[in-house]
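*Asks:* One structure, pasted below without further comment.
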Amino acid sequence: MEEAVESPEVKEFEYFSDAVFIPKDGNTLSVGVIKRIETAVKEGEVVKVVSIVKEIIQNVSRNKIKIAVTGDSGNGMSSFINALRLIGHEEKDSAPTGVVRTTQKPTCYFSSHFPYVELWDLPGLGATAQSVESYLEEMQISIYDLIIIVASEQFSLNHVKLAITMQRMRKRFYVVWTKLDRDLSTSTFPEPQLLQSIQRNIRDSLQKEKVKEHPMFLVSVFKPESHDFPKLRETLQKDLPVIKYHGLVETLYQVCEKTVNERVESIKKSIDEDNLHTEFGISDPGNAIEIRKAFQKTFGLDDISLHLVALEMKNKHFNTSMESQETQRYQQDDWVLARLYRTGTRVGSIGFDYMKCCFTSHHSRCKQQKDILDETAAKAKEVLLKILRLSIPHP
């Protein structure tokens, strides 16, 4: 059964980053959880990262996705919501419709076709002299995950302003043209030509304001199984996981990236101080292969760690040896650095040539060590991002 509820009080939100809002009463991305991820990344415990991310994803999977339906008054937003839910206007839990303004405040509807989704019917824009900016502020548009901009008869300046604001806020949005049945019944053009004309008009209006192209659907609320309605439902079903987890993945990656960068800066200080032996137990600072293996282990990219990640994620893509990658290149280049190192510290070397060789040796050694470190850190970020993306459930 479809359900409708009156607009509840909006929960307080704690702003954590540009990517995601965190409910104050929730623990999905609490400070403690973030610290656990930072510690795991810093210590190279990639398997622990997988475990923590799984916990977070499981918690988020129970969260509702908030979809706001908005547009000018009279565009048929309530009728569109009923058609999207595949219920008639006369049914008990349908959104009220009529020629007068029927939606006075944000109202939430549910549908068995879209579990874990809240469809919010917002009051139409344009019934008063209220600006788009004040309207969006009053509707608290920032709390919604997806905005559906509904238009009919004309794609007005208000619709364009809505799209501009959504792009500026980095909000995902769809454009839906309703009342297509009326257009088809009154137009003298063939149907394909009329559809192209409507699409071109919307696209041109948005392109003039440098709004990137977003999904666009032409529908008739009286034919919820025809025109672009099936395509709209299919697109929405595919987008729901992305909508639900995109901000979360972005935020988690920012945490991981920041932690990796901090670890890199710390190791570079050890390189400058010629202290890799103490910190990593490296016996030969001129041995590029030994250094690379030590750095890979530090970031959890050694074969054993990646094998454990593959088992934990049940994904064979992580079960490939990284220790064997680029080995041949380092074996070819390593003798040059090693020879410089040995020559620079040879007891028999004296005077200016000795000092010059020592400087050259130290400079070359530090440069190669930092190059290896940067390559390993970049690979660590790739692996962490892959873990986050592959952790997202798909329908």
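Cβ coordinates are placed from backbone N, Cα and C, and glycine is handled just like the others.
Features from Swiss-Prot:
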BINDING   72-79, 97-101, 179-181  GTP binding site
DOMAIN    63-239  domain 'IRG-type G'
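Give me the structural setting of these features: burial, nearby parts and distances.
*Replies:* DSSP assigns Gly74 (GTP binding site) to coil in the three-state reduction, outside any helix or strand.
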*Asks:* Out of Ser78, Thr97, which of these binding-site residues shows the lowest number of other CB atoms within 10 Å of its CB?
*Replies:* Thr97
*Asks:* Quick one, of the binding-site residues Gly74, Gly76, which Cβ has the fewest other Cβ within 10 Å?
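*Replies:* Lowest Cβ count within 10 Å among the binding-site residues (Gly74, Gly76) is Gly74.
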*Asks:* Going along the chain, which residues six or more apart from Leu180 (GTP binding site) have their CB under 8 A from its CB?
*Replies:* Leu218, Val219, Ser220, His227
